[in-house]
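Database features, via TrEMBL:
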DOMAIN    100-243  domain 'Phosphoribulokinase/uridine kinase'
BINDING   105, 106, 107, 108, 109, 110, 111, 112  ATP binding site
Ligand SMILES: Nc1ncnc2c1ncn2[C@@H]1O[C@H](COP(=O)(O)OP(=O)(O)OP(=O)(O)O)[C@@H](O)[C@H]1O
Ligand SMILES: CC(C)(CO)[C@@H](O)C(=O)NCCC(=O)O
């Protein structure tokens, strides 16, 4: 194949049928216990979809984890003469760090759902029982800080996050830090929760989920390139769908929140709980068109080609196609 061949791409493309055939040869099929646990995630997850799409995906990730483990072992063996030279005083060997998976994609495309499913499935594999989740929402600036910066209408845009703190977090995890802490965001109060934090203690796998996790590093003021969180990923996934489908999911979720979470007086959106259907659809469409869609188009979509795997969904969240980066 010549380099000018239009078919020249760094990805292998698999349609739904080919991918789901892999489920048959995936060891560790779902047990009835798993099915009960997955159904308890509280999402309208189709279990056939889990078995056909997410189970083989967890196997692929398990192979990558194993591959990284072998590379770590080989590197330890390579470095071991240095420790012997120093009579064991200087250990050049380092403990294996958590395997970090990034999950990117639009608001409402299903990143959290995908991340939670993968956590359940990966934890079933014997070499990765401890899987932790981190959502980048916790690194959004507080509403007070966003107001101060004039960014209240840009929540979710790259500049609405404390990117340095997020980078420090992921870098500490990949440096093997024993304990790393992150702030917490509440979708109910629509703000950072004062004093709350999550603690990550050297899990086997850390899944980092967020809109912008695949963004490359920004050039620094001194002209040097700097690092981005994606530099620390061992694997990354982009959840993709047509923009009009994602818009519908956003509006549907807004409508179901209106009758659910918004009814709580603590909710930031409580004042919207009495909106009529039509008013709620109009408001959700307005938020989508003014914040989430421009962010998708300007910042999120351009990072799709940086993923290890692109998972493309149809209008019912059914995964239609996988693009897997060639090795
Ligand atoms: N595989 C799936 N099957 C069915 N419904 C799904 C699936 N994934 C997500 N959904 C639904 O789509 C909506 C958006 O999903 P989710 O909250 O996971 O998105 P998100 O990308 O994490 O959004 P945000 O960036 O706003 O946090 C939710 O209503 C969820 O229940
Ligand atoms: C918190 C984020 C940015 C990402 O999860 C998103 O859910 C959000 O709140 N976006 C801002 C616009 C909106 O309210 O949908």
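Backbone N, Cα and C atoms are what each Cβ position is placed from, and that goes for glycine too.
Automatic prediction, not curation, is the source of TrEMBL annotations.
Feature map: annotations from TrEMBL on the structure.
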| residue | record | Cβ contacts under 8 Å, 6 or more apart |
| --- | --- | --- |
| 105 | ATP binding site | 111, 211, 238, 239, 240, 300 |
| 106 | ATP binding site | 211, 239, 241, 243, 246, 292, 296, 300, 301 |
| 107 | ATP binding site | 156, 211, 246, 250, 292, 295, 296 |
| 108 | ATP binding site | 246, 249, 250, 253, 292 |
| 109 | ATP binding site | 239, 240, 241, 246, 249, 313 |
| 110 | ATP binding site | 239, 249, 313, 317 |
| 112 | ATP binding site | 135, 209 |
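A 10 Å cutoff on Cβ-Cβ distances gives residue 111 (ATP binding site) a total of 23 other Cβ atoms nearby, all chains included. The ATP site is defined by 105, 106, 107, 108, 109, 110, 111, 112, and by the 8 Å test on Cβ atoms against their centroid, the other residues of the chain that qualify are 211, 239, 246, 249. Counting residues of the domain 'Phosphoribulokinase/uridine kinase' (100-243) by DSSP class, helix then strand then coil, yields 46 helix, 42 strand, 56 coil. Checking the binding-site residues 106, 107, 108, 111, 112 against ligand 2, the ones with a C-beta less than 6 Å from an atom of that molecule are 107.
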